[in-house]
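As recorded in TrEMBL:
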| type | residues | note |
| --- | --- | --- |
| COMPBIAS | 39-58 | compositional bias 'Basic residues' |
| COMPBIAS | 67-80 | compositional bias 'Low complexity' |
| REGION | 1-113 | region 'Disordered' |
| TRANSMEM | 127-146 | transmembrane segment |
| TRANSMEM | 158-179 | transmembrane segment |
| TRANSMEM | 191-211 | transmembrane segment |
| TRANSMEM | 223-244 | transmembrane segment |
| TRANSMEM | 250-270 | transmembrane segment |
| TRANSMEM | 309-333 | transmembrane segment |
| TRANSMEM | 431-456 | transmembrane segment |
| TRANSMEM | 468-487 | transmembrane segment |
Amino acid sequence: MPGATCSGARGEQAPEGGRPPRERGRWGAVWGSPPANKPRARPGRARKGHARRGRTRGRLPSPPPSSGGRAPPAGPPHTRGAARRPRTAAAQRSRGSRAEGGHHPLCVASPTAPPLPQATETLVAHWNLYLNLAGFFVGLFSVTLLGPWSDSAGRRPALILPALGMTLQAAVSLAVMYLRLPVVYLLLGRLLSGLSGDYTLLLATCFAYAADTSDRRARTFRVAVLEACLGLAGMAASLIGGRWREAHGYVAPFWLVVAASLAAALYAAVGLRESVARPRPVALLSLRHYRAVCRLYGAPARGWARRKLALYSLAFFVLATVHFGTAELLVLYELGPPLCWGPGLVGYGLAAHYLAYLSSLAGLRLLQGCLADGWVAELGLLSNLAGLLAIALAATTPVMFTGYGLLFLSMAATPVIRSKLSRLVDETEQGALFAAVACVEGLCLLVATGVFSSLYPASLSFMKGFPFLLGALLLLVPVAIIGWIEIKDSKPEYNRFTDVASPAQNEEHHRAG
């Protein structure tokens with residue numbers, strides 16, 4: 001109706017004085033509704049008027065009707081993959097076209113998805129950064145505390161706590177949307193989730209649980225199954241979350257997060273068997289837990305095992321940084337010229353990217369029958385390297401899908417590295433080890449976002465696929481590290497030092513003999 005006053009809609013009336021509601025139109029673009037057709041006001045007067053009305057001091061404006069009458073959070077609710085940083089297709093097109101200096105004549109943007117204003121995108125990016133940094137630094141202390149604590153107290157409490165923390169974070173996000181609170185309240189939920197360990201502790205405890213319940217031969221495949229579950233979860237979040245948000249707004253998906261987190265906590269409390277042989281009550285707030293993490297890398301008695309821990313951790317850091325950084329850029333790379341993919345091809349590319357988790361799991365299972373785990377990881381790294389090279393040089397759709405095909409074994413290296421690290425420590429140190437690995441993975445995410453997201457627009461003038469080429473070159477570091485360790489371990493003198501390093505390994509070899 002012409003006289004309607006819904007914020008962010010095209011029919012919204014300007015307030016007295018003729019000044020248009022610019023801020024509401026800006027946030028309306030974030031929620032997916034087109035900004036209002038209104039005359040352009042001078043920037044100075046617009047900012048001055050907003051300052052008087054207090055519209056830009058950390059409070060979300062009223063949402064458009066498509067969002068279900070609730071204000072969305074400015075940052076990601078949870079952690080990994082597609083669920084960590086959800087973006088609209090309009091935001092991706094806006095960033096891609098602006099980075100390339102405007103729309104390419106061969107790439108026609110969808111008329112139903114207008115690009116976001118740069119100020120809105122900057123605001124959302126800043127709050128994403130604040131939430132990610134808050135979660136990382138708080139989680140850095142809580143994960144390294146609760147991970148070693150689970151080696152004595154048991155894995156189940158370390159699974160229940162982060163699930164409840166993520167429930168609280170989703171509840172705070174719902175409160176922000178229902179009550180239209182300032183965006184800064186999202187930090188409260190992020191801090192509560194970080195104090196309970198967040199997704200980082202949940203992931204670390206799951207890998208420690210798999211190590212507790214498997215022998216040395218089956219451990220790599222068990223860890224690979226968990227990695228494949230992460231890929232399937234990311235694919236489901238991409239397919240379900242985006243469609244659901246477009247149809248019902250931001251509120252309904254957050255209720256699903258609350259239900260799923262509570263279900264996970266209930267299953268860990270009631271339906272999961274404890275994997276620690278003899279759990280015992282220990283003090284939670286103790287420096288001994290932090291010292292347990294430091295002993296992993298600093299104990300002089302470990303010898304060659306300690307050096308292998310450091311080398312495998314470095315290989316994992318480089319590999320995870322390349323994985324996160326290149327995955328961030330795939331959609332932008334596909335939307336722009338010369339590929340100019342539409343939503344259908346982007347969806348097929350996303351499916352091909354996630355299918356690499358399943359193909360890597362199957363390839364790992366087959367190759368374990370004829371190769372050692374280290375050489376399987378080498379093949380996985382070479383598959384990743386070849387796929388990134390093809391993507392970096394892709395100018396047509398067949399070449400791009402060829403790159404996705406070459407990535408069929410790309411996810412086989414990370415479970416092998418996790419399993420190798422797990423075999424280097426004692427059974428009573430699995431929680432401390434995977435807590436340290438999870439913190440390294442969180443650091444990789446921050447580094448990858450900063451480096452690759454900044455490198456992409458800077459490289460458009462000379463080579464659009466340069467970030468993928470750089471990622472392929474960086475993968476030579478873990479290739480060299482793992483290959484060198486495998487060659488050294490094939491010599492008897494190094495096997496002797498490895499056996500001495502772990503009492504659990506000595507006992508197992510004694511029983512086998």
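Just so you know, the numbers here start at 1 and follow the chain as drawn.
Glycine residues also receive a Cβ, built from the backbone N, Cα and C atoms like all the rest.
Automatic prediction, not curation, is the source of TrEMBL annotations.
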Maximum Cβ pairs under 8 Å to the transmembrane segment (223-244) among 158-179, 191-211, 250-270, 309-333, 468-487 is reached by 191-211
Which of 158-179, 191-211, 250-270, 468-487 contacts the transmembrane segment (431-456) most, counting Cβ pairs under 8 Å
191-211
Contact set, same chain, for the transmembrane segment (158-179): CB under 8 Å, 6 or more residues outside the stretch:
60, 70-73, 77-78, 146-147, 149-150, 185-186, 188-190, 192-202, 205-206, 209, 250-251, 254-255, 257-258, 261-262, 264-265, 268-269, 272, 431
Give residue numbers and ranges for long-range contacts of the transmembrane segment (127-146): same chain, 6 or more residues beyond its ends, CB-CB under 8 A.
74-76, 79, 85, 158, 161, 183, 186-187, 190-191, 193-198, 200-201, 204, 284-285, 289-290, 293, 432, 435-436, 438-439, 442-443, 445-446, 449
